[in-house]
Amino acid sequence: MAKKELGSVYNPQGLQEKWYPLWEKEGYFDYHKNTGKADADLKPEDCYSIVIPPPNVTGSLHLGHALNHTLQDILIRHQRMLGKAALWVPGTDHAGIATQNVVERLLAKEGLRREDMGREKFEERVWQWKAESGGMITHQQRQLGESVNWDMERFTMDEGLSHIVRRVFVQLYNEGLIYRGERMINWCPKDQTALSNIEVEYKEIGGHLYYVRYPLEGAEHDGKKYLLVATTRPETILGDEALAVHPEDERYKHLKGAKAKVPFLNKLIPIVFDDSVDKEFGTGVVKITPAHDFNDFATGTRHNLPLTNVMTDSAHMNDLAGPYKGLSREACRKKIVEDLGAWTHQSAGGQDVLGAGAEGGLIEKIEPHRHSVGHSYRSGAVVEPRLSLQWFVKIRPLADKAVNAVTSGATQFYPKRWENLFFDWMNKIEDWCISRQLWWGHQVPAWYCSDCEGVTVSVSDATECSHCKSKNIKRDKDVLDTWFSSALWPFSTLMPQEIAEIENVWPSRSPSASGTSPASGGGREGDYPAPRSPLLDNFYPTSTLVTGFDIIFFWVSRMLMMGMHFMHKTPFEKVIIHSLVRDANRQKMSKSKGNVVNPLEKMDEYGTDAFRFFLISIMPDGKDIIYDEARLKGYQAFCNKIWNTARFILMNTPEAYELPKAAPKLSAIDEYVLRELDVAIAKCDAALEGFYFADYALAIYDFLWKTFCDQYIEMSKVALKDDSMRDGALYTLYTVFRAALRLLHPAMPFITEELASVLPGGDAKLLTVSAWPKAGAHAPTAAADNHTAIMLELAGKIRQVRAELSVEPGAKIAVHVMLEDASAADFVRSHSAFLVSLARLGEVKFDKPATKMIHAVLRKGVEVYLDLAGSIDIEREKGRLEKEIISIEKGRQAAQAKLDSPQFADRAPAELVEAEKQKLADYNTRLDRVRDMLSSLS
């Protein structure tokens, strides 16, 4: 067979454009093709599955996606090579708020508003936008090399998934786990929709604490006719319904039964005593505005206080705000503070309502104050607590099942410490507000009867009231929270997508269930069987979920709840949690900071393979991931190294070479590298099994670069010129390199597929469906391996000294090797040609030199003398090393001083302290090495 050619220049873009279309066209990502089995012929133990965390349909690939998807692709490619029926389900999320905002901005450019178009026309425009622009991220996923099964691509608004959403809603409603009620919720005034508690991000901001005087009615406090109340929100004074003090606060016990006046309004409000009041906050007196604060609402409920909402949906002041009507809450705050400060006794008709000494109006003082304020995770707007009629999921019964899935071990978190965060949140979980005041999304399947005021909840569109049969019904306008459909993702994506087929695999009620239909209500959990199909039986629970820690609450917990409730099984067996990618200064990346990295640009610049390998190599176990472009450039060099290695092998391969099926006679060097391959395979296996992705990257990188390229390739240059060793060397080059390419393939799919395709030998399969290498094929030979290791250690030491003393790379120096072990000495002597090649030597002798030379002791019984006469200026090198010692010592002392500082040790983040400790250790290692070098020169 004619030898194939490999271009002299590595062109990553060309490989990406060549291989991905071929993989996709030929169906290599479809487990049916790879296993040759139909779903009915598979067994669960033969299967491996991942459902992709669905990116927003509005989005483009960001660095977090690139990391997350690379990790999944590595797992799925690895399992495919292990022979599993590996299914990776792709898809996108309809992203209710985000998508509606995108389309509304486009409409605004055309001078249109959704309100003018009507709901149906607006939804048509969203679907049109999705068809034209919504697929950008799937194109980018292909650029990243993701081996997903595109035939199973899902969208959360697909007809099938939408039907499943309705089925779930109706079942939960019938079980009493979904209800409609008036409760305090978080409201986003920008998007004008409700938010669930976990969609609110709390940020500490700088504000003010305003001390406001509330006139007392027929009472005094400390000789004054008013109570001083500290508040951060003077604009809500207009909705005050009480003042509150702690019942054990001795300062205010005499005010039991007293009343105060709301500034401006002359409205009398009670002074209530409540255990929730913090006696240390402000003056120990707080204002109670039940319609605008969660805690105040609870206090108001306990004391039967009325609710006065003074704001509109957009957080502007409403009719009840009187002269402040129409002002934004921020403008109202400013105006009210001005008016409070300008208040005088004349403002109150000349009455002395505050008492003597009350100068400065109704504001006594204003102090700077930092406090935590809730913001919408989507729009960034400050959220407004408000009373609202919404749909909720009664969460505790579902949460208990999710917790049990983790405590029982059915679902395991990696790293395990994330379980503590999960448990902590699940213990504090509150009912989930699932309705959103949007048009784009899954519309709530509920209809309201104008005649009997009954609510009809139905999977199919209702045409009459289920209670009184009236036709006079209207559908709820709200849509469901985007996370509601996402919570069903692990099983909804694996179900049939035709409605009739869904109903076939998922009976509405079990035969023994009471009642006539789900719509009749009153169902029990046991009345509802889980759906069953070959796809679900084989691939659910899914094997692994890979996600960021920031959506454990949003998504992971809710999938666990829904999966356990509807499927009666956990949705995933293992959850891999990765951290955020931060910049070199450990700052979170954001557009406002200007430190965002575009992964598409980096893939274009360095190649997808180098970028993927870079991402996993910088991923420590559960710690922050620090972006370091210098390392990315290093992995581009790694790709070039692999490419040139393949070219070296091909150039040294005879025409029409066929790799022998049985190994020819192998040298000790051949056997050594084959056994090192076994070690590398075992390390890769252990790393991938434990989800230690950086360890996997390091294992294959070290083996390929250091052991194979730097050591074996150099030694093979000697063997290939020796007739007695050539066949063994060629066999070893091909055997080891092909196996290494398979080990590397999950991380670097493009370059490995290309190189494997030009190498003779092996099977005819593409690498993407080739078998994963097996460890243990080569039994170790202790003596030969130990002797080879000594020779390689000697070569490494000689190269290190040459580099540190700036010996010209082409200079052929002489060395004297001293070995106490006679058999080791015989081995190195008989293989000295390899040592010459590895260390670029002119001559190797095995006696102690008569003249003074650079001396290095590797360990007891292993020494080497380097004859550098004429190769370096010894005095100049001594001077350089002395200066280097001074420089290192300065750095070492600075690191030590930093670690000795209590301020740094106690206050700095743990990662920074560890980094400084590592820096100190590196300084000490360098210092010892340079001192040894200087000593050898002296």
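Cβ coordinates are placed from backbone N, Cα and C, and glycine is handled just like the others.
From a predicted model like this one, the values you see are computed outputs, not experimental measurements.
Now, the feature entries from TrEMBL:
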BINDING   K591  ATP binding site
COMPBIAS  507-519  compositional bias 'Low complexity'
DOMAIN    18-507  domain 'Aminoacyl-tRNA synthetase class Ia'
DOMAIN    527-625  domain 'Aminoacyl-tRNA synthetase class Ia'
DOMAIN    670-815  domain 'Methionyl/Valyl/Leucyl/Isoleucyl-tRNA synthetase anticodon-binding'
DOMAIN    873-937  domain 'Valyl-tRNA synthetase tRNA-binding arm'
REGION    506-527  region 'Disordered'
MOTIF     55-65  motif ''HIGH' region'
MOTIF     588-592  motif ''KMSKS' region'
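When each of the listed stretches 18-507, 670-815, 873-937 is scored by C-beta pairs under 8 angstroms to the domain 'Aminoacyl-tRNA synthetase class Ia' (527-625), 18-507 comes out highest. When DSSP labels each residue, the motif ''HIGH' region' (55-65) comes out as 3 helix, 1 strand, 7 coil, counted as helix, strand and coil in that order. Sorting the domain 'Valyl-tRNA synthetase tRNA-binding arm' (873-937) by DSSP state (H, G, I as helix; E, B as strand; all else coil) yields 61 helix, 0 strand, 4 coil. Per DSSP, the secondary structure of the domain 'Aminoacyl-tRNA synthetase class Ia' (527-625) breaks down as 43 helix, 18 strand, 38 coil. Taken as a whole, the domain 'Valyl-tRNA synthetase tRNA-binding arm' (873-937) shows an average pLDDT of 85 in this prediction.
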